[in-house]
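Colleague: Sharing a structure here in C-alpha cells format.
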Amino acid sequence: MAILGLGTDIVEIGRIEAVIARSGDRLARRVLSDNEWAIWETHQQPVRFLAKRFAVKEAAAKAFGTGIRNGLAFNQFEVFNDELGKPRLRLWGEAQKLAEKLGVVNMHVTLADERRYACATVILES
C-alpha cells in the first residue's frame, strides 16, 4: 500500500457559529450528508459537530488534490463513527468515482477539537 494523498484542515469553531447565526442552517445543508443532517438536528453541540465535519471534508478534498469543485460537493463526503467510535469516511457520487479512479482502497481520518478549534487529517492509501 502507498499513500496517495494527505490533507489537513483546521476550523475556528466561532466562525461556524457566526455563519449559523447569520444564515441559519444553510451551511449545514450544504456540508452535511442526509445521515449527518439527521444527527446534527438533535446533537447537543451542533456547531461543534458541523465544524468537525467541515474540517474532515476539507481535509479529504485536499487529500484528493482537488478541493471542492469540478463536481465534488461537501455532502459527497460522509463522516461516521465505527463501532469503537473512530471517525471514518464514506464517499458518494463524484467523490466515490474519483476514489475509484485513483485506486483508493483505504482512508484514514483523525479528528480533534478544543474549545476554539476543530482540526482533521485524512490519509488516502492505494
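Using the three backbone atoms N, Cα and C, a Cβ is placed for every residue, glycine included.
Feature annotation from Swiss-Prot assigns Mg(2+) binding site to ASP9, GLU58; the stated evidence is sequence analysis.
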Colleague: For the binding-site residues listed here (ASP9, GLU58), tell me which residue's CB has the most neighbouring CB atoms inside 10 Å.
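Modeller: That would be GLU58, with the most Cβ atoms nearby.
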Colleague: Where does ASP9 (Mg(2+) binding site) sit by DSSP, helix, strand or coil?
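Modeller: Once the DSSP labels are grouped into three classes, ASP9 (Mg(2+) binding site) ends up as strand.
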